[in-house]
Structure formats: C-alpha cells, structure tokens
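Undergrad: The structure that follows is given in the form of structure tokens.
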Amino acid sequence: MSKLKNEKLDGIVFVLSAPSGAGKTSLCRHVAASLDHVYASISMTTRASRPHEEEGKDYFFVSKEDFQIHQNQARFVEWTQIYDHFYGTPLDPIVHCLRQGRDVICALDHVGLQKLKAHSRLGKAVVSLFIVPPHQDALKLRLEQRGQDSPESISRRLAASALEMKQWIYYDYVVLNDDFLVAASEVIAVIRAEKLKSAHQCGRIAKIVEEWR
C-alpha cells in the first residue's frame, strides 16, 4: 500500500451515486461501452445471482468466506453490508486501469464515496456525480418495472432514498436522469471536461511546450 500511496496514477475514478432505481448502474455500463478508455468497475457480492445476471459482467459472486479473505487482505477500496449480503469494490482492477492512464466509473452510495475519498492514494483521483430521478413516483415505477425486488424491498429502498437524496449537495456534479440518453451524454461531457483540465494534461502538453525551448 505504501508503494501505491507515492505512485503517480494518471486516470480518474468517476463515482455515480443515486437512490436505488435511479439508473446509476445502467449509466455506468452505457458510458463504459461508449468510451474506450473508461472501465466500469465490477463489484463483488455474497448474494446469489439473479436469472438475468452474469458472472464477471454484473458482479463477481463469491462465498462469505472468500469475501472475508478479500477484506482481511485489504483488497477492497470499500465494502458494505446491505441486509444479509456483503458488497465490495475490488482494488486491483481499479489500480491497474489508473496505472495505464485509463479512467474508471463505478456506482457507489455516499458512504462508499467517502471511503473511496479517504483511500490513501485513490482519493485524490475521485470525481463524484449524483444522479437525480425526476420525481419519487418515477423512482417507484422503475423499481417495480425492473422486477428484481419484492414489495417489501421496494418500500425499504424508497424509504432509504429520502436520506440518499439529501446527499446531492456534497457532489461535484449533479445529473438529472429524466431521459436516459440525455443523462448519459451529460455524464460523458463531465468525463471529457475533467480530462481536459490542466492537471490531467501535464504530460501531453509538456512535450509540446518543450519545442519552444
């Protein structure tokens, strides 16, 4: 970890947060599919896979014992327990991409974002975006239509969304997901704008400036 702390990482970690059902995971996948230099982080979980989910695409599905091994070896950027299941963001794939100058996009809640920002080295490379649903009824409808949750689970998620919505003010950018493709284009615009900041252009521009010496 000490080596990582002093290492220069050229990529950026873009974190999307939102209440459950607001579209953050779908946006991450769409953006990663649209931009070759962006990797969509894949979380590890102890819950069972759902019928439509694929290993290594939606999640890495592991036992609680394997998850605990990763915890003990500090191989997660952050991890959390949601009800009876554990979820974690693997560190190695993120570091690998950042070392190559690639960017990473991931879906985390506000607690996960704070853990990522507190990381000894990765925290300096974080840009946060809060995804806002157009209204509460739209959020409820999306949760019902995706067919993944029981009525009790939907009620819990809607109750949790009240607290999550209050966190938007702490984010670097806010994107309204009323139209998915418009929201995706705005996330992509943020990524492109961040990549053009002088702090991320030093190596590229320094070589050009050398011609004037």
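Including glycine, each Cβ sits where the backbone N, Cα and C put it.
As annotated by TrEMBL, domain 'Guanylate kinase-like' applies to 11-192. Marked as ATP binding site by TrEMBL: Ala18, Pro19, Ser20, Gly21, Ala22, Gly23, Lys24, Thr25.
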Undergrad: Which of the three DSSP-derived classes (helix, strand, coil) applies to Thr25 (ATP binding site)?
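TA: In three-state terms, Thr25 (ATP binding site) counts as helix.
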Undergrad: Between the binding-site residues Ser20, Thr25, whose Cβ has more other Cβ atoms within 10 Å than any of the rest?
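TA: That would be Ser20, with the most Cβ atoms nearby.
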Undergrad: Around the ATP site (Ala18, Pro19, Ser20, Gly21, Ala22, Gly23, Lys24, Thr25), what further same-chain residues have their C-beta within 8 angstroms of the site's C-beta centre?
TA: Ala107, Ile131, Pro133, Leu139, Arg142, Asn177
Undergrad: Taking all residues of the domain 'Guanylate kinase-like' (11-192) together, what is their mean pLDDT?
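TA: That region's mean pLDDT is 91.
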Undergrad: How many other Cβ atoms are found within 10 Å of the Cβ atom of Gly21 (ATP binding site), counting all protein chains shown?
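TA: A 10 Å sphere around the Cβ of Gly21 (ATP binding site) contains 23 other Cβ atoms.
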Undergrad: Near Gly23 (ATP binding site), how many other Cβ atoms are within 10 Å of its Cβ?
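TA: Here the count is 22.
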